[in-house]
Amino acid sequence: MAQHLPPVGGNGGAHTQPSLPALPAHLQSDTHLTGHLASRFHVSLPTAKLSSHAFISINTYTSSSKGQDGGKAGSAQGEAEDMADRAFLRLGHRSENQAILFLGESGSGKTTIRSHILTALLNKTSTPLSTKVSLAAYVFDTLTTTKTATTPTASKAGLFYELQYDTASTTSPLLIGGKLLDHRLERSRITDVPTGERNFHILYYILAGTSAAEKTHLGFGEPDAGTGSKRWRYLGHPTQLKVGINDAQGFQLFKTALRKLEFPRSEIAEICQVLASILHIGQLEFESSENTTVAGDESGGFSHEGGQITTVAKNKDVLAIVAAFLGVSAAELQTTLGYKTKIIHKERVTVMLDPAGARANANELARTLYSLLVAYVIENINQKICAPEEAIVNTVSIIDFPGFSQQSSTGSSLDLLLNNAAAEAMYNLTLQNFFDRKADLLETEEVSVPPTSYFDNSDAVKGLLKTGNGLLSILDDQTRRHRTDMQLLESLRKRFEGKNPAIGVSAATAKLPGSNFLSENTAASFTVRHFAGEVEYSIKGLVEENGEVISGDLLNLVNSTKSDFIARLFGQEALHTVTHPQERTTVMQASVSSKPMRAPSVMSRKIRPGTARTTRQRKESISGRQDTLDDIASEAGDSRRPVNKPSEEGASGQFLHSLDNVTKSFHAQNTNAYFVFCLKPNDRRIANQFDSKCVRTQMQTFGIAEISQRIRSADFSVFLPFGEFLGLADVDTLLVGSEREKVEAVVDEKRWPTNEIQIGSTGVFISERCWMEIAQLSDMVTGRFGVPESEGGTPLANMPYGASKERLIAAGNSPYNNDKAKSGYFGSNDIDGRSDAGVSAFGGGDMFKNLDTREQMAERGNEKSMVEVEEFKDSPSRKRWVFITWMLTFFVPEFLIQHLGKMPRKDVRMAWREKLAINFIIWFSCLAAAFILVVFPMLVCPTQYVFTGEELSAYNGKDGKASYAAIRGQVFDIGSFIPRHPLPYLPSKLFTQYAGTDITGLFPVQVSALCQGTTGSVNPAVLLDYKDTNITDSPNVFNSQDLNSRYHDFRYFTNDTRPDWFSQMMITFRGTYKKGNIGYPAQVVQKMAQQRNAIAILNGRVYDFTKYIAGGRDFRVKYNETRPTDQSLLDFMDPSVVRLFSDRSGEDVTPLWDALRLDPTLRKSMQLCLDNLFYLGDVDTRNSVRCNFAKYFILAVTIILCSIIAFKFLAALQFGTKNMPENLDKFIMCQIPAYTEDEESLRRAIDSAARMRYDDKRKLLIVVCDGMIIGQGNDRPTPRIVLDILGVSETVDPEPLSFESLGEGLKQHNMGKVYSGLYEVQGHIVPFLVVVKVGKPSEVSRPGNRGKRDSQMVIMRFLNRVHYNLAMSPLELEMYHQIRNIIGVNPTFYEYMLQIDADTVVAADSATRFVSAFLDDTRLIACCGETSIANAKSSFITMIQVYEYYISHNLSKAFESLFGSVTCLPGCFSMYRIRAAETGKPLFVSREVVDAYATIRVDTLHMKNLLHLGEDRYLTTLLLKYHNKYKTKYIYRAHAWTIAPDSWKVFLSQRRRWINSTVHNLIELIPMGQLCGFCCFSMRFIVFIDLLSTIIQPVTIAYIVYLIVRMVLTPDLVPVLAFVLLAAVYGLQAIIFILRRKWEMIAWMILYIIAMPIFSFGLPLYAFWHMDDFTWGNTRVVTGEKGKKVVVTDEGKFDPSSIPRKKWEEYQSELWDAQTSKDDTRSEASGFSYATKAPVAVSEYGFPVNPYGAYPPSRPGSTTGIPHMPHMPYSASRMSLAHSEMLMAGNRQSQFGGSQFNLPQSGSEMELSNLAGLPSDDALLAEIREILRTADLMTVTKKGVKQELERRFGVNLDSRRAYINSATEALLSGQL
């Protein structure tokens, strides 16, 4: 039985024994050991020793520094410091590397014990570096720890912290550096915070610790109302913001730590901005929106014209904050988040994301930012604290990985798997150390140790971690191969089923409940039997998660950042990028490293002894990074890289590699290991409570009983050869005997236990305790090296959070108990005094004070790097228009448009001014039309409210008529007066008898009260008779003899004299009841004058002096008064006035009245008398000439409008004959552009085109796919959908070929693939050609997408070059080859092209109808058919369009067709004549049409409306412009159905496009004098009327409303006739569909009429104002040097020579030469690919050089699904055309001389170099040697070497870049 040490602690209780192996054998079970730990725990001794290099610590959830009696002895901190002392001793005295490994579950206190050990080690060296090392650990924990359900600070990343020492010169090691190695941060937590837990602490710190000014800058804002806290998506529930953690103080400490680690203030601020942007990314909300802003790269049919469904951010303010901090444009960020580019089957495909997908994309961005930020901070810390590796002698490694978990709190299977794999590996290291370490040496030394049984987890470790065929390796391999989850599961089954008991795999298929059939098992998983329990891992999504692919869209976005910090963040080595194999500067995707950027120093020295290795951050941009020369030198032999490239490794592969490094460093020779077992006392974090079951489970998990048993047998830590042992023992030299005998004597003297010392054949195995005793170092352990604890340390030492923020905290207390301890991250007594002042100043205030504001960042992010493309001159017409625009909008200042309108760009502001000017013109036109239709007639003939006698008689109160009566020439409504009569009791019949009559006689007047005479007064006794027959001798006159007149007689002679009664009564009547005046036409006045009446017209009023002249004057006085005798008193009117009316009776005396010499007072008096006593009425001018003109003018306008509609009706009736020749032998093409349509739409369109009743051999189906895009709702990219429909296998993969595209800058260079074959559907076998625009390798987002116009141009430009025999691009040559050699038809044979949209279905006889029309009329250049709505009943929006579609075709287009000039041929269904039938002259593809339609610079409002809004209409305009001798027609019998917009927003946008494009195209057509017809019968007149009717549509509706109102109010003949005419002509429309038996159109017409205000009023007004609603791109015209206008763009300058071109004959000749010289013995044919010209003379891929660049040969069968050999069947097609040509073409070879194996021809490079006058390789190599000999390798770059070579040789060396780079690398790596 082995002897053991006596119990420590005297004769106390059982708890006094600190060593578990020292307990008796019967107490060595799990239960007894747990009991012993419990007894110690309850007396505040929560630790126990296992051996001199291992101890157990139990978390008390209180202070970690208090043991029994409040002292440090027995506490966790005490044991930690004791272990640190022993490690330090061994480090100094034995020069061994030390490794301290922590094991324990989450919440067991590992992080705290680790901080104590770290603090104790750092306290032993009093250097400023120790503070930095301590601060580095704090920063690491701040970034990687979080609060979980088990602990307030759980580590979520593996830590390998290396302290670097120089132990060569002294036994007191000198700290010279440190190295932080982080292993696999739990990234899933960043965006998915588990319930009840927190995210990483730093995110809470920044939210709580920033000042008010800083919060404002970071956009944190105010808390939500009602909750008191803002709900942050990435911070979990708001309650997690207040969980007893002092976040504000933690943030201040974090900033201080970074500052002391020499991070610049600006960089700390940038770090905070990135953290804030991550929080804001979590706040982004997304929604689906119909993007109606027009862009030049749009495609698709009618259903796309109004806009496409895109995903946008709801909260644009939050988006702007994120964009500003990232240094990018908010619009670009939103676009990037709405798309995601993936690599599917080696193809880049852009997926249009829905809101959920955009949210996931934003989460990916947040995870990427945080991961890169952590990597950046750690790498920069390492740069500050890491020593050169040649100076490192020994290291102390602190290893702490997250504890084992049964399930993932974040739902990530990958994080759970990797975390548990690390725990498994660490536990295996522990077992090997205790049970297997030194086993070989023991056997060699012939020392036997009793075997001890233990649980061996080797099966699990091998199954998980074995390189090549372990589970993590298999997962990595499957990820690299892009396999599915089920394929991974199958691979795991093959590998482990029945071979490894630790891993079990579930079935891939299962029977669903209620089904007897096997289906895919959605719950498939695999199970791993870990040392701590069995865990089931779901297979779902594991492969994709392991890839951790960062989309190329995000990288492309960041590549344009204006933030230097963001550029550095994404430029570091931690970001592994995947570049395009053919364009190395293009990053397709990337991933953040899951392993440290550095390797342990032990590993580095072992692999590369004596070589320093530093890992630096790459500072180059993503797209064009250049490795510095020292990077190349350091990486040349860096074995830390795996066999596979980092970009090819998934997370599991990288993590496995990093674990392997940890394991190797742990097992390295000269490394001594220590172990700390951390246990939880209970699962509920209750302080001072010991749960025996919980602890016993952990004891069993870690096998502590077996370890203790093993230590009882063998506790050997040191092996000392006999000589070294005797030297340490200081044995008396006089002792006689051999070394072994002397050793045995010493051992016998020491009486050490046998489990701590064994004597071998050449040396002694001894425990650490015995070694320290014999080396006389035991006393040094109890003391402390360095600064005593009583001395003051750094001021930060007394701060809360003294250790690691996971102190062994007390429940309910703050987790920041300092316990008055000088330990923790800031526990060192030395600080970097250099930065104290800066730190204190930095801690308060605003860290962003001297940095750019958020607005400045946003402005900088919107800036573009512009490149000058070309000079530009405005045309004279443009200059005139700009002048008019400024003249109309001068009053709007520029700064208002710029700031209030948010239009920083000058060209956008100019477009806005143009829009405003156009709107002014349109509004003026509308006002002018309204003036002419409404105001002008009123000015010519003002409205008169007069009544003739007959008209007055009609208002007699009968038959519902009103009751009017006349008094002294004025008409009043007595019907309204009757109820208000002063005597209400009088019967109404008494009053109604006077209705329709003149009742002047009922109201006698007092002359003196109404007239002042010539003297100023008239005698009150004067009377004047009233002529009672003055209304055209009408009998309806009541004279003064009426009995009722006496009730109104208040004249002077009556008893009741009231002279002013009549005046007052008339004032009341005029104000309330007046309806007008009596009207006398001028003819009637003349007639009355002829009847001896003294009547005349004065100022349009009729006055009668008949009674005055005839003696109707008299005196009448009261009873008993004397009658006046002076007869002159009766002449109260001036004689000249009386003579005027008597002499000029029947005339208009106005000029004579004005000529009378009257005193102004007298004239005024006479006028008063005329108006009161002699007035009869007004002159009635309603039947005058000018009033008749105004009346019939309205009628004439109505007739003109209706005549146009009538002509359209007649035109619609012209097409009644049926013309269909039987045999049509013309070749036609049918082009279908595809964008993001679904499979159903595409199949309908393709099938309908293929099923057309036309000779299948003579029609060619051409589908042009506009980009590699997966539309929303689709599961495949559109090109793949098209190819699947056509039956092209996925194995057919032709090479992408270059061609010209419509785009800005470098986007003019595009690449595409060509497929061809035969499509069979319902008995039709139709040849097809598919062109897929895939884009250049440098295109990341929406590769290849250029728009529908570009898709048309692909075919138009191809046919143009075919017919003009011009040089063609590689894609066009391939198209020519496919059509001619594969399909078997010469491209020149095709005469007609039918263009339909991908959402259009054509009738079976459409092609026949069109072609027959072309054959009937050789002057016909293009025609269209009738397009109906396929989804008519899907919504009200589509319903109101049905009739409009019908009428627009059958009236408007039919009418225009009469003139042979249909101005708009819709692109959804039109056919064009490619060439003239007689001469073969190109028509549709003529040079003029193609060049004009291919306009690239579309930067003015007019051009954008032409080419971006209505390219189909503009194409028609060009045909009419350049081929004016030809016609365009409408063929109503040709029919098609399309999808119309079914939502209001899309409909509004579509009509905005149509209306505005109509206006601008008609403006283009009006100046064209070639249009047919003349004068008002010319097409120009019709075009003008169309333009005018378009811009005044709102007035048209208002005019119709005006007619209706006027008809109701004044139902005279003319308005009724006008309205009847208008209604009748619109009724003619009904005749059309009645004749054609379209009865359903009746209902559609009613809906259309209801919606007319929308079509004619609302839509035009909306369209005109939104005329400038475009995506403007980044190409614009600016003023350059010397005032010249230049075109600039941020897309780069396009070089046309980058796309090589050849004529077909030359190309065919080279093909034939290559074919005839081919070696017939070769077994595999290689198709030629005429690829893009390379920018260098020698391809870096090893291809040969030729005048057209370096071209890789295309793949076999690269052209089509049609077989190259007749005997090879093709599953989806039949081969019936041109077999001989096909055989020749199928056996092609590259004409550039290279073989299919991509081997260059020998000597080609040298020959080209010499021909170009370039230096030879030897000359270059010699100069490179010289440059590197004198250069600073820390700063020089390969680019710099090349530039220096160019300077020395005086030539451009771009073509030699590849050689220069390779030679430079070879020189640095020692290969040359």
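Here, residue 1 is simply the first one shown, and the rest follow in order.
Note: Cβ is positioned from N, Cα and C throughout, glycine not excepted.
Following the DSSP three-state reduction, the secondary structure of K110 (ATP binding site) is helix. Less than 8 angstroms from the CB of K110 (ATP binding site) sit F102, L103, G104, S155, D400, G403, V676, C678, each of them six or more residues away in the same chain. What Swiss-Prot lists as ATP binding site is G104, E105, S106, G107, S108, G109, K110, T111.
Taken from Swiss-Prot, the feature domain 'Myosin motor' applies to 1-779, supported by sequence analysis.
Residue counts for the domain 'Cytochrome b5 heme-binding' (944-1003) under DSSP, helix first, then strand, then coil, are 20 helix, 13 strand, 27 coil. Per Swiss-Prot, domain 'Cytochrome b5 heme-binding' is recorded for 944-1003, and the stated evidence type is sequence analysis.
What Swiss-Prot records for 1814-1869 is domain 'DEK-C', and it gives sequence analysis as the kind of evidence. Secondary structure of the domain 'DEK-C' (1814-1869) per DSSP (helix as H, G, I; strand as E, B; remaining residues coil): 41 helix, 1 strand, 14 coil.
Here Swiss-Prot flags N123 (among others) as N-linked glycosylation site, drawing on sequence analysis. Counting every protein chain shown, 26 other Cβ atoms lie within 10 Å of the Cβ of N123 (N-linked glycosylation site). For the recorded site, N123 (N-linked glycosylation site), the DSSP three-state label reads coil.
The N-linked glycosylation site annotation in Swiss-Prot covers N291 (among others) and is backed by sequence analysis.
The DSSP secondary structure for N428 (N-linked glycosylation site) is helix. Residues annotated as N-linked glycosylation site in Swiss-Prot: N428 (among others).
Among the features that Swiss-Prot reports, N-linked glycosylation site is placed at N559 (among others). Summarising the environment of N559 (N-linked glycosylation site), the number of other Cβ atoms within 10 Å of its Cβ, over all protein chains shown, is 18.
Look at Swiss-Prot and you will find N661 (among others) tagged as N-linked glycosylation site.
Taken from Swiss-Prot, the feature N-linked glycosylation site covers N1030 (among others), and the record attributes it to sequence analysis.
Per Swiss-Prot, N-linked glycosylation site is recorded for N1055 (among others). Around the Cβ of N1055 (N-linked glycosylation site), a 10 Å sphere holds 7 further Cβ atoms from the protein chains shown.
Sequence-distant neighbours of N1120 (N-linked glycosylation site): no residue of the same chain at least 6 apart has a C-beta under 8 Å from its C-beta. Annotated N-linked glycosylation site per Swiss-Prot: N1120 (among others), in sequence order, evidence recorded as sequence analysis.
Around N1450 (N-linked glycosylation site), a 10 Å sphere centred on its CB holds 25 further CB atoms from the protein chains shown. If you look up Swiss-Prot, you'll see N1450 (among others) marked as N-linked glycosylation site, on the strength of sequence analysis.
All protein chains shown were included, and the count of other CB atoms within 10 Å of the CB of N1556 (N-linked glycosylation site) stands at 27. If you look up Swiss-Prot, you'll see N1556 (among others) marked as N-linked glycosylation site, on the strength of sequence analysis.
According to Swiss-Prot, the feature region 'Actin-binding' maps to 659-683, an assignment based on sequence analysis. Looking just at the region 'Actin-binding' (659-683), the mean pLDDT is 91.
Residues of the region 'Actin-binding' (659-683) grouped by DSSP class, helix first, strand second and coil last, total 9 helix, 9 strand, 7 coil. Its Cβ placed at the centre, E105 (ATP binding site) has 26 other Cβ atoms within 10 Å. The DSSP secondary structure for N1055 (N-linked glycosylation site) is coil. A distance of 22 Å separates the Cα atom of N661 (N-linked glycosylation site) from that of T111 (ATP binding site). Take the mean position of the Cβ atoms of G104, E105, S106, G107, S108, G109, K110, T111, the recorded ATP site; other residues of that chain with a Cβ within 8 Å of it are N59, T150, T151, A154, G403, C678, K680. In the three-state DSSP scheme, G104 (ATP binding site) is classed as strand. Using a 10 Å radius centred on the Cβ of T111 (ATP binding site) and all shown protein chains, the other Cβ atoms total 27.
Sequence-distant neighbours of N428 (N-linked glycosylation site) (same chain, six or more apart, CB under 8 Å from its CB) are N457, S458, V461, listed in sequence order.
A gap of 26 Å separates the Cα atoms of N123 (N-linked glycosylation site) and G107 (ATP binding site). A simple Cβ count within 10 Å picks out one of the binding-site residues G107, G109 as the most packed, and that one is G109. Rounded to a whole number, the C-alpha distance linking S108 (ATP binding site) with N1450 (N-linked glycosylation site) is 84 angstrom.
Each residue contributes its Cα atom, and for N1450 (N-linked glycosylation site) and G109 (ATP binding site) these two points are 84 Å apart. Shown in sequence order, T148, T150, T151, A154, S155, P402, G403, S405 are the residues of the chain, 6+ apart in sequence, with a C-beta less than 8 angstroms from the C-beta of S106 (ATP binding site). A gap of 68 Å separates the Cα atoms of G107 (ATP binding site) and N1556 (N-linked glycosylation site).
The Cβ of G104 (ATP binding site) has 27 other Cβ atoms within 10 Å, all protein chains considered.
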